[in-house]
Every structure is written in structure tokens, then in C-alpha cells.
């Protein structure tokens, strides 16, 4: 029940965060008028999306500190409350036509609030589930963090898809885009209730330690783990957002699909991706989490460039869907166990901040900027450079994984059980 309650909250938080990206193709013109230039409008919307990511390191530090010093449960409750408020306010936000540039400023501030919230959500959930999961099936259970993260994306995509069936494009642009944000705010209230019944995994002794949640302790005694996480998470975040949030726009602006077809392709692909997570988590329980990361980095280095080129040059939705699913299969070697492998690199009193801060930094720099960099390069006629950028980051990830100690032999989660 604890895994279900914590994971359901994760789903809603990520739905609230990602619905912005999927809905932006409809509301971009309401906040960023640009003489009908869709790429320019999407670039501005992506810039606001990126600013939300820039708040995630602060969220990773703040909520990591709260989780290590005051408990995982308190951190998760505050996080979902902030996300809920942000979604409700975006749902009722006046547009540029009504209040001018103030609308853009308010949208930016609300996205920053949500970025702060989700920056803490990842670290606390990864830590919490890894601490309550059964040792022999830890990969399988921890994969539900990724399942619900991707589930949030799928839910956001599905809501937009359903709205597009019943509303015209003009209606979606005028007011229909507000509906997904209102839904997210209401769902977050339910999650707050579910999380209030969770039990705490940290002990009073652990929370009362002077070093608990200390940034200085993290950087002084766990510096190597900190930078290794940035090394492989940078590529993981970049390729994750390329094949999920940005891919929707890539299918429209590069492949030439209409919005409805692109939404159908991405909804289907994300549904398959969700189903893959527990299977790849269980596989990691058999082959080891480090071996799983190796598989991801090597296969991604080989197939990223040809995969993106095929998708960009096809006008067949089934070809595009097949390639996207294939790349998401490779990505699942990473996403299914990304939370547990980070949690295993830190002792309990700095685990949440250790998981959250380096990941949030990598996520903000490389994941949050993925859409902006891709669209920016496309705008100046160098879209293919983005493919090589991803591959370069994957090479860095491979090196970081090589230098990483094997969690199966000397991971901190195993040490916690012995103690």
C-alpha cells in the first residue's frame, strides 16, 4: 500500500509538470504571440518549460534536506501541495491579450514553483521506495517510480488526445487548454490525502545526526558519487526528454505529421514504455543494476543517430512509432533503475539530498534544455547537430558508469539492511 500511495502521488505530480509541454501546442499563441510562427511560439514556451527545470536543483536541495532532516513523508506532502497550487493557478491564469506581459511573468513564476516541487519529488520518492522495497525485487518495485513518472506523461498526452477529439483546435486554443491543469490540481488533492497515511522510513536517530541533509557533508565525503550521478544522469535526462516531451513536437515540425497523428503516436509509445518499466526492473534484479546501465549507454550510442534520422525522414506513422518504441526499450535499461542506483550510492542521512541534487542539476542543464536546444538548432538550420550532441553525452555517461562502484557488492542500501 505504501508503494501504491507514494507512486500515485508521483504520477500526479509528473502529470501536472508535463501537461504544460503537451498543451503548449495550443496555448503558446495565447501567451507568446508571434505572427503565427509556430516554431517561434514553441521556442518561447520551451524557454518557460526550461525555467521550471532550472528550479529543480533548488528543489532537489531543499526537499532533500527536508526529507533527510525531518522525514520522507513530510517532504512528499509539501511537494504535492505546491504542485497542486501551481496547476490550479495556471488553469485560471489570464492570457497575454488580457493582461499583457504580466501573463508571461505569472506563467513563468508558476512554472518555477512547479519546478521547485518536482525537483524534490524525484529524490524523495526514489529514496522512499528503495528503502521499503524487498531486497530481492528492489529493481522491480523501484521501477514503479519510472512507471508512474512516464504514466504522468502518458496521462497528460491522453487528456490532450481526448480533448482534441471533442473540441476544435480553436476551442482548445481559446479555453480548452485550461482543462488539463484543473484536472491535475484536483487529482493532487486526492494524493495529499493518500500520502498522509504513509509511514516514515527514517529513524529519529538518523534524522537527528548533525550531518543529516547537509550539503557540506555531501560534497565533502560523497563527492565522487555526486559527480558520477551528474555524468550519467545528464545523458539519461537528455535522451529521456528527447524521446518523450520533445518527440511530440519533432513529429510535427520535422517529420511533418499533423497534431492528432503525433499525439496518437506518442500516446501509444508512452503506454508501451510504461509497461516496459517493471519488466526491465526485474531484469536488473537478475543481471545487476550496473550491467543494466552499461546496456543502455552502449545501445544508445549505437542507435540514437540513425533512429532520429529515420523518424525525421518518414511520413509513415507506423515506422515512426516502431522506431520510437525501439529507442524507448533501450532507454528502459536506464529509467527502470535510475532511482535505486542513485539511492544505493549514499547513506540514509544524506540519501535524499544525494539522490536529488546531482540528478536535478543534470536534469536542469541537459533534460530541461533538450527541447530548447533541439528547436533552436532547427530554427537556424542545424537540427542534425542535436543528434551528435546526444551521442556525445552518452559517451560521457558510459565513462561515468565505468567508474561507478558496483552497488550489488558495496551499496549503502545493503549496508542499511545489515545494520
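The backbone N, Cα and C atoms fix where each Cβ goes, and this holds for glycine too.
Here's what TrEMBL has on this protein:
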- 2-408: domain 'Major facilitator superfamily (MFS) profile' (DOMAIN)
- 38-63: transmembrane segment (TRANSMEM)
- 75-93: transmembrane segment (TRANSMEM)
- 99-119: transmembrane segment (TRANSMEM)
- 140-168: transmembrane segment (TRANSMEM)
- 174-194: transmembrane segment (TRANSMEM)
- 225-244: transmembrane segment (TRANSMEM)
- 264-284: transmembrane segment (TRANSMEM)
- 291-311: transmembrane segment (TRANSMEM)
- 317-337: transmembrane segment (TRANSMEM)
- 349-366: transmembrane segment (TRANSMEM)
- 386-405: transmembrane segment (TRANSMEM)
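Averaged across the domain 'Major facilitator superfamily (MFS) profile' (2-408), pLDDT in this predicted model comes to 85.
If one looks beyond the transmembrane segment (140-168) by at least 6 residues along the same chain, the residues whose Cβ comes under 8 Å of a Cβ in the stretch are 3, 7-8, 10-19, 21-23, 26, 122, 125-126, 129-130, 133-134, 176, 179-180, 183, 244-245, 248, 259-260, 263-264, 266-267, 270-271, 273-274, 277-278, 280-282, 285, 335-340. Pairs of Cβ atoms less than 8 Å apart link the transmembrane segment (317-337) most often to 264-284, out of 264-284, 291-311, 349-366, 386-405. For the transmembrane segment (225-244), the list of distant contacts is 150, 153, 218-219, 250, 266, 270, 273, 293, 296-297, 300, 304, 308, 324, 327-328, 331, 334-335, 338, 342, 345-346, 354-355, 357-359, 361-363, 365-368, 370-371, 374, 389-390, 393-394, 396-397, 399-401, 403-404: same-chain residues at least six beyond its ends, Cβ to Cβ under 8 Å.
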